[in-house]
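Written below as structure tokens is the structure these notes are about.
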Amino acid sequence: MAAADDLKFQEFDDAANLLAANPDATTISIDEPVEIPKNKHSRLQEPGREEDDELLGTDDSDKTELLAGQKKSAPFWTFEYYQTFFDVDTYQVLDRIKGSVFPVPGKNFVRLYIRSNPDLYGPFWICATLVFTIAVSGNLSNFFIHLGKPTYHYVPEFRKVSIAATTIYAYAWLVPLALWGFLMWRNSKVMNIVSYSFLEIVCVYGYSLFVYIPTAILWIIPQKVVRWVLVMFSLCLSGSVLVMTFWPAVRDDNRRIALATMGTIVLLHALLAVGCLAYFFDAPELDFPAPIIPAHNGTTVITKS
């Protein structure tokens, strides 16, 4: 049986003295690097693949999904369930708006701004603001175009509000829904395709429309050249956000399908911008009937404006 002194805890001041007293003692050096075994299931990455993973955010997205799975989600019929979609502060919304107006080449909008906390607050109010901006600016544009004509009587066109609301909200919800379904379908065909969630796609489309708010205000200027320059500039900014977000997700698909997908995304985005400009601002000039002035001798005189 060991003596009491042998079981007593001792401070290890000098390893050399301890080894001299007990040569059979086992020592462990904390300075030696410990080799961490790699995951045997990890796949070898091709050159340039790490950059794609960084753009898509696969590592961070896996962690986010795991953390999200640990959270207890409320039932969908409760107010708390929908409250999570609006759980953002002013700084987050402003940061996402800034990222949509000033896109950085090679950076993924979902990874940088959306994936940590996707929301519906920003897209909803951006679409609402854009609806009223287009409707009001369209009425003012029509007023300034016909200003000074004696035969013109200004009448506000309130129907433009409903038309703009139907167009903007249909685009901001139906197009993301179709794109989300397409990515989910292609994900079942091609393993390398990364599918974004429906809420993330809605966020991308909603924030990408913010640049059209100041553009619609500037469309009041009654110069067609200025208007078309503004719409092309805004289309390039907002369209680049969509391209840089969704191209890394479909680039591993069939080449023709990937190009067709990106072409459809850009085409629908361009149709929205050009359609709003053509319908609300570049409406054809109306021919107003000339007023009929009765003469004193019983005849009528038609004046030409």
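From the backbone N, Cα and C atoms, a Cβ is placed for every residue, glycine too.
Residues or ranges marked as compositional bias 'Basic and acidic residues' by TrEMBL: 35-48.
The compositional bias 'Acidic residues' annotation in TrEMBL covers 49-59.
Residues or ranges marked as domain 'Yip1' in TrEMBL: 101-274.
Residues or ranges marked as region 'Disordered' by TrEMBL: 29-61.
If you look up TrEMBL, you'll see 120-141 (among others) marked as transmembrane segment.
The transmembrane segment annotation in TrEMBL covers 161-185 (among others).
Feature annotation from TrEMBL assigns transmembrane segment to 197-222 (among others).
Residues annotated as transmembrane segment in TrEMBL: 228-250 (among others). Counting only same-chain residues 6+ beyond the ends of the transmembrane segment (228-250), those with a CB under 8 A from a CB of the stretch are 52, 55-56, 99-101, 103, 105-110, 179, 183, 186, 193-196, 204-205, 207-209, 211-212, 215, 218-219, 257-258, 261-262, 265-266, 269-270, 273-274, 277.
Annotation source TrEMBL lists transmembrane segment at 257-281 (among others).
When the stretches 120-141, 161-185, 257-281 are ranked by Cβ pairs under 8 Å to the transmembrane segment (197-222), first place goes to 120-141.
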